[in-house]
């Protein structure tokens, strides 16, 4: 109603009648959805899984929606009495229902249940009335009741009898009493103000103890069921002598209020009845009559003093009041009755009860705030503030509680979740009542956070540097790359792959997709490739996958796999011929062995040594320069032909080496030298104009030599010889030149003769191209040098 008038007020303010109509319909729909209650009835003692109702038909919900929305039924209390079949929509009783056990103190027995739907969340209230069936017979508290009646009792006197009890209700409950045929008594059935029926025995004719001292009557109680059930009890009448005063109670009704947590033996009250008779007729004894068995268990009556004390544990939630009848009997058999009514006061002795109705065991970490995680109810069996409850969550957690309806709460997320920070939550919900002494209970809800692929893999290094020695074996493992992913499951499963670049050759390495191990596919050659870089990508197994990249740098280490290679003398020549004059002093440069090594580092560091010689003491080899020099001055005793074997060795492990063979001719003069060279080396084939030029130059030099021997003026002869630019023949480094055994093109010797000198002098100057006489062109493949000859006087020292 408040929503309706609120909506109407808003409509009046806006002046829009259409809006009023819409708001009114909305309010009516909301009220109807909240107030909808399903009502059914079911006879008790039906078999297990008995049909109660077709929920799908009654609610108009398709069967497919029952399973899709996870429809389920929840009964109030701890015991679930009904079951809902989602496939058929039929509501059945889980067990046979006994109305007397479920509702022992109620004429009507109504069981309340709720039907829950999810997606969206919906609650429908239902009630099932358990109808009574005549399955219990009336039962008297005692099989035999003894009444002592004075013989002086006047006709019309009434004597209360214990009533029978029938657990059934309504028409199936106790309906009638009957008394066996006798001449003295009849039955009277009355109803008290509180609606409780009572039974009295009415004296019709005067008793005479002398005539009959005892009577036995049969009392029968019958219910109204079909067929009817009945119970019997014997009533034994003992006729006693006259006692003209009966006990009298101080009050007709005693009322007392008692807390439910009262301890045992606590005094409730004291009833008292007075009898003015003397002797045994005036002595009164007390006893319960017309009192339920449960009340007899909770309270104890002292037969002598009339004190009523607590004998059991009172429970307000079980029974809010107890009614008892106390009978006072004197020694003469006369009795009187009073009523005792005990009102039980509620005490906060029940802690709230938390019942979990729905729970989502796992939620994704990217779930938005206010996502429903669980639904639960809180129940406190106390009343008033003692039964009023509130709920809270322990600790600072990203969850909150939202009250919904009928003491139900929703557990929702209140902030963004991060599985990598917290993978699971143990949420403790505390329910506390509002009693003076507040009681509480706790329920732990375990929520698992499922992983979402929100973290890319991360390499432990940006650049991985690995090394491998050349000439390695195929598929050699040289290291490993490692990437980690903070996610879990397949989202954290990392796969490795090389990033191929267009236009580049197939990489020399491969990466294991599972563990990131790096393998070299084929043998590497340091002399071809010394280092290379690749890009490796690490991708996780999420959808879509996330990835990261790192640089893989592979360094190739050199191995001593290359022997030194001779450049001079050429390795394909049998022996290189060198000319050494007989007057050569110690340290004279004979030749230079030149070699290179394709390796690197100490594997390419070369050393030279004289391995073998005709006269080992005559020559020495520079350890690092490879220069072959005379170790002493040449003498006439030295053999004219010397053969040297020079060993070139690197510093690798193991070392590799090569040998060069040099043929050395010791000569006295140019002609002799030319002669020896011609004898040792096969004559080269004429090489066109170059050969002619060389022959002409030799003839000119010979002529000038004879002329200088007889000339008197040495200076003019020397100047004329310098102007004519005469040169010695050179030996090329081509295939023809190698057979002649000369130095490579970069080393050229000039032969100069001084006036008055018999022996020729040879000096190694510097890398030059061969000189040609003026006016003669160089041969094919040759270049003209700018320096053709030098003064013999300036050649006294050794050249490099």
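One-based numbering along the chain as shown.
Positions of Cβ are set from backbone N, Cα and C atoms, glycine also.
Keep in mind that this is a model prediction, so the values were computed, not measured.
TrEMBL lists transmembrane segment at one of the ranges 620-643, 644-667, 668-691, 692-715, namely 692-715. The residues of the domain 'Cadherin' (141-249), classed with DSSP into helix (H, G, I), strand (E, B) and coil, number 3 helix, 55 strand, 51 coil. Per-stretch counts of Cβ pairs under 8 Å to the domain 'Cadherin' (460-566) identify 580-684 as the leading one among 78-140, 250-354, 580-684. Each residue of the domain 'Cadherin' (78-140) gets a DSSP state, and the totals for helix, strand and coil are 4 helix, 26 strand, 33 coil. Highlighted: of the candidate stretches 250-354, 355-459, 580-684, 355-459 has the greatest count of Cβ pairs under 8 Å to the domain 'Cadherin' (78-140). For the domain 'Cadherin' (460-566), the DSSP-based tally of helix, strand and coil residues reads 4 helix, 47 strand, 56 coil. DSSP labels the residues of the domain 'Cadherin' (355-459) in these numbers: 4 helix, 55 strand, 46 coil.
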